[in-house]
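Structure first, then comments.
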Amino acid sequence: MKSYFADALQLLIHGDFGNFEKLLKQHPELLEIKAGKRSLLTFAVLNDRLRPAQYLHKKGFLFFDGDDNGVTAVHWAVLADAEKCLKYILKISQAPHEIPWVLLKDCHGVTPVHLAAKLGRTRILKLLLDAVDDPDRFYEEALDNYKRSALHYAAACGRVACCELLLDCSIQLQPDQRDDNNQTPLMCAAASVYPDGALAITARVVRLLGTRLLQSGKRSLLTARDKDGRTALHLAVLASNDQVIDVLLDELQGLPETFDNEGRTPLHYAAHRGLSGVVKKLIDAKARNVTRDKFGVTPAHYAASEGHLTVLELLLQTRQNLQEVYDKDRRSCLIWAIISGRVEIVKHLLEKFNYDINDKDKYGYTAVHHAAHVGNTQIIKMLFKFRDGCNINSVDNNKATPLHLAAGRGLTDVVRCLITLGAIRESEDFQNRTPVFYACLGGQAHTLKVMLNELDCEPQTTDALGRTALHCAAFAGFVACIEVLIQKSDQLIYAKDNDQLTALHVACLSGKLDCVKILLQYGAPVNTYSALEEVTALDCAFMNGYKQIYDFLRSNGGLLATELKEMAVRIIQRWWRSHRKKKFCRSPRDPSPPRNSTHFRHQRIF
């Protein structure tokens, strides 16, 4: 039967209606078969075979029956440009309760009118529009699932003739319609991305829609904003539609400075994308680099961050003192370039402008701090090359130096570079912690090993709480750092902080079982007692509910403070009894005569 169906399709394609009709009479079951969920009627419409379509319609096939995606024969007629079949369908009378042919929708809410506008089929579109009986209903219902009209589709696809037809027909679709994203057809056209040859067509659509808005006294809609606050100019910049930008700025006299929901202007967008030509157009239209988004960032910051040197020069060519260009964290374009690792931009800014290299941001970070934080030794060396007064030991708001930051992030090469350039190895932050502490807190065992064994950093310094780097490693739970420290200085396992707590106490308080195991393996006393806190390591695990640590310490002879005290009491009592016994055994016998002796010198009273 499938072979007969294939024969029927071939007869449809070649327009052999006589044999097609004969085949169906011989095999009427073919009327029930579908190929790819498409019936014979669909194939007749796809090939614009009117007589077979009429015949199948008389046999009971319905033009408004859709496939699994809701696509009907009317949709297929538009897609295949089947004008003869479409004319026939549109002439078929419908009952009042039936959906009009032009309003049939697929699963996405797309009508045949949408498809005709999208594909630029003006003759088909005119047929459909002429078939509209109720313009008000059409205006309200001819919208897809995103509330886009056929005018949105035509504008987005650069169909100028279709746009004109939709605007000038009796229905008169308005150019200020909004979809669910609050976008107008003008914005859809501006956001369209096409090859260079098609950009001129898109510009024509923008010109047409913009002119219609101006003619209707709706100039403000030229800068209408979508849900993200973006205007047509924002979208044109995102799509790199230079010709559309020219139309919006020069012909329609649109505003060059409009702000999206994050406070960014089209100039921000162009600078971020490195569109030097667009940046020049916007600057010529009086767009300003001093505008800041909600993060306090100017277009120049974005250009510096993305490494767009040409754009940055355009934005900064009128400025003499770049120190005035800060974001909300008081960071200049130079800092943004450093953070992004843009070596060429950093070099350009240092050569061309008089930056204060020790200037600090909101958090007290200097350029060296940021370069160290991102691990760029090339930029660090460049900062010292171009600025003699660069302070390598400058401190941030927490009194941390660049060396602290590099150590904490495990940037071994940066640590070497900074110490080679003169960074103080034992510099202390506001809690008196050295870079070694930061390496331990960050779990940077390799960097820590290099600092201790190659760069001669001191492992036994203490912070404001009396804690050593080993305390910090135990607190953070980094076993590798603990091993490096103990191998360098095994006395650290006995060190106590201001609360008389050892690293073992801290590991138990933090629930770090692996750290507890390694500390005991290296000989840490299991029952060290803190007189100030009145706890042992076992107490710390018990009070915080760390059962695994508690059981492990128990199995290794761990005691609670009360048990330790009781044991101490028993030991002292045992020693005291032993001492009394030995003393008694060594004392001479009492030389006093018996009680009934007559030699008493004095009478004894009991």
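Any Cβ shown, glycine's included, is placed from N, Cα and C.
Source: prediction; values computed, not measured.
Feature annotations, reproduced from TrEMBL:
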REPEAT    108-130  repeat 'ANK'
REPEAT    228-250  repeat 'ANK'
REPEAT    262-294  repeat 'ANK'
REPEAT    295-327  repeat 'ANK'
REPEAT    398-430  repeat 'ANK'
REPEAT    499-531  repeat 'ANK'
Do any residues of this chain, six or more beyond the ends of the repeat 'ANK' (499-531), have a C-beta under 8 angstroms from a C-beta of it, and if so which?
465-468, 470-471, 473-479, 482-483, 486, 490, 492-493, 537-538, 540-541, 544, 546, 548-549, 552-553, 556-559, 561, 564
Which sequence-distant residues neighbour the repeat 'ANK' (262-294)? Criterion: at least 6 residues beyond either end, Cβ under 8 Å.
229, 231, 233-234, 236-238, 240, 242, 245-246, 249, 256, 300, 302-303, 306-308, 310-311, 314-316, 319, 325, 327-328
Local confidence of the prediction over the repeat 'ANK' (398-430), expressed as mean pLDDT:
96
